[in-house]
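Lifted from Swiss-Prot, the feature list:
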BINDING   CYS573, CYS582  [4Fe-4S] cluster binding site
BINDING   HIS675  chlorophyll a' binding site
BINDING   MET683, TYR691  chlorophyll a binding site
BINDING   TRP692  phylloquinone binding site
TRANSMEM  70-93  transmembrane segment
TRANSMEM  156-179  transmembrane segment
TRANSMEM  195-219  transmembrane segment
TRANSMEM  291-309  transmembrane segment
TRANSMEM  346-369  transmembrane segment
TRANSMEM  385-411  transmembrane segment
TRANSMEM  433-455  transmembrane segment
TRANSMEM  531-549  transmembrane segment
TRANSMEM  589-610  transmembrane segment
TRANSMEM  664-686  transmembrane segment
TRANSMEM  724-744  transmembrane segment
Amino acid sequence: MIIRSPEPEVKILVDRDPVKTSFEEWARPGHFSRTIAKGPDTTTWIWNLHADAHDFDSHTSDLEEISRKVFSAHFGQLSIIFLWLSGMYFHGARFSNYEAWLSDPTHIGPSAQVVWPIVGQEILNGDVRGGFRGIQITSGFFQIWRASGITSELQLYCTAIGALVFAALMLFAGWFHYHKAAPKLAWFQDVESMLNHHLAGLLGLGSLSWAGHQVHVSLPINQFLNAGVDPKEIPLPHEYILNRDLLAQLYPSFAEGATPFFTLNWSKYADFLTFRGGLDPVTGGLWLTDIAHHHLAIAILFLIAGHMYRTNWGIGHGLKDILEAHKGPFTGQGHKGLYEILTTSWHAQLSLNLAMLGSLTIVVAHHMYSMPPYPYLATDYGTQLSLFTHHMWIGGFLIVGAAAHAAIFMVRDYDPTTRYNDLLDRVLRHRDAIISHLNWACIFLGFHSFGLYIHNDTMSALGRPQDMFSDTAIQLQPVFAQWIQNTHALAPGATAPGATASTSLTWGGGDLVAVGGKVALLPIPLGTADFLVHHIHAFTIHVTVLILLKGVLFARSSRLIPDKANLGFRFPCDGPERGGTCQVSAWDHVFLGLFWMYNAISVVIFHFSWKMQSDVWGSVSDQGVVTHITGGNFAQSSITINGWLRDFLWAQASQVIQSYGSSLSAYGLFFLGAHFVWAFSLMFLFSGRGYWQELIESIVWAHNKLKVAPATQPRALSIIQGRAVGVTHYLLGGIATTWAFFLARIITVG
């Protein structure tokens, strides 16, 4: 008789048909809330509808139901992303000069939008050369397509159709996993399985498949393109996969197949998996063979990482154990209890993810110019400026979002009775020390960084240049930054003797790389001017953090309002009889933090734009003489406030201000319109609610006189609604103004 151990029971992790699909339900506005579903009495109803539609916490307190809604919404989000991507690829296929650009990327500008002549606006179709007229694009899609080996508009069509299919699939998945097979709460909370799948699947296999695509498709096609072969003559992607000899002609090790891999003679593959460093002198981008090597290495790391956590087989790490083992001499219970927080509060989890992703996005912004990954990206100055600006703004918004959700967690999900002496509790108990020290740091940075500029403006005004802080008078060299630059420039000699250059040309030491008579990249010098503006960066970042962190740490209570947690995440004031308690809610801290985030990012993108035009971007003569766009004026002009106003804002705005009557006139209109949108925001930010309510009532009286009064009573915006509308227009107007200013400038001079 054979005695078997009992088979482990398979856990059923989904519920079948939990919520019936109902079109009637969808068609009823506010079906998620009893109050809103009754329909409008006053115009406040439409605001509440928008505020609460996606606030799943307010629909139900059942964590499983909330998790399912969030999960389903993610599929909807992915569907929109695929739809957007499909549109981008379709424009590339139908309305662009991609094939012409591919044949001569140094002289022909990328365009994927042609304006139809309806009321004379075909003036916007500028000459991008190569016999094509259209709007010059600065999204970097052409460069990505070339890097991935797309050689024809037909391939773009096929990809666009593929993305549409995926968009439909995602929509279906969103419906299916909410209405047909909805995961149980235990599935959402199984962090080890989630880690294994995301690490090994998404990041590991994702990187591996991309590395495979790069080796088998991108590398050979780009090799041909770099050699000047006509795109129409280049073999199609599937031919390299079916015919190994094609690849072996370009990369001899392919002839040996997998033998070197299994005999551990891996160096054989060094002809297509390289470690060179620096930039490809033909395209001004990173070596694609370096990039393929990088993705292969990343894939191996993540495939290993994806097998580290304990699931059904009782081996590996458990996340709870890891967290609870973290105890230092000064941290009490350490991370005890964090596991429970992060598996029961999606706001806490989201907050961490947003903080990480926001920081990562800003890192991406800096790498896109210092290590330009795609061919001909570095010499497309408009795209370089757009990519930097875009990733900086996105990073800023994500980091503010991190603070917002941390505060929502504190108000809605934090349970002080079960949290004693763990790290979070200890941070909350000495929050006064944290905030007051941070406040001191902000004051110090603000006065000193601004004071250096004011000193320079004063000395400049008095005609005493010898007494200014500058590279030619009193020097304040950024010695630590210069030391880091130097170390990185010299590092490959010691750490990677096989590499021909350092990770980035910006560190120094190397020569400049020029493509088609334009600078792709060169060593970036840092001096007194950078030292000054870096301290402005430090100041604005610290103030943003001060506002956001104060909002989180005082979200539940403060000396002023001890019962703040009962008032919720957003409230205007603590009742009419308590003066001086307005703008204290966690929501208001996010509101105020957004303005400082805007300040911080604005200074960064202004610094970048001017620094690159002054010290990096420009043309190279046949004799090798570099002429920068603004002739190196950053070091002497940006050391005074007046210099920033006169030589950056005013001098470089001439293109957008004078754009009327040219193909850039849309930027002139946007510049004007976005200024208006920004100014319009002030009407909401400085408004008094009572003033508008009085005005509304006299307008309603007039409507009643004429018997045209609506059934829904008009109401003035609440204090919070006014602030929300105000900050939205402030940011939208400011960002669109900057966008028009940057693009009109760089498309003209770049």
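If you go along the chain as it appears here, the first residue is 1 and each next one adds 1.
A Cβ is built for glycine as well, from the same backbone N, Cα and C atoms used for every other residue.
The Cβ of CYS582 ([4Fe-4S] cluster binding site) lies under 8 Å from the Cβ of PRO572, CYS573, ILE719, each of these being in the same chain and 6 or more residues away along the sequence. Ranking the binding-site residues CYS573, HIS675, MET683, TYR691, TRP692 by other CB atoms within 10 A of the CB puts TYR691 at the bottom. Where the transmembrane segment (664-686) meets the stretches 156-179, 346-369, 724-744, the count of C-beta pairs under 8 angstroms peaks at 724-744. Between the transmembrane segment (589-610) and the stretches 70-93, 156-179, 385-411, 433-455, it is 385-411 that has the most C-beta pairs under 8 angstroms. Between the transmembrane segment (156-179) and the stretches 70-93, 291-309, 385-411, it is 70-93 that has the most C-beta pairs under 8 angstroms. In this structure the C-alpha atoms belonging to TYR691 (chlorophyll a binding site) and HIS675 (chlorophyll a' binding site) are separated by 25 Å.
When each of 291-309, 385-411, 433-455, 531-549 is checked for Cβ pairs under 8 Å to the transmembrane segment (724-744), 385-411 comes out on top. Against the transmembrane segment (531-549), the recorded stretches 70-93, 291-309, 346-369, 385-411, 433-455 differ in Cβ pairs under 8 Å, and the greatest number is found for 433-455. Sequence-distant contacts of the transmembrane segment (291-309) (same chain, six or more residues past either end, CB-CB distance under 8 Å): 191-193, 195-201, 203-208, 210-211, 214-215, 218-219, 272-275, 316-319, 373.
Residues 54, 56, 112-113, 139, 141-142, 145, 153-154, 156-157, 159-161, 163-164, 166-168, 170-171, 173-175, 177-178, 183, 188, 346 of the same chain lie 6 or more positions beyond the ends of the transmembrane segment (70-93) yet place their CB under 8 Å from a CB of it. Geometry remark: HIS675 (chlorophyll a' binding site) versus MET683 (chlorophyll a binding site), CA distance 13 Å.
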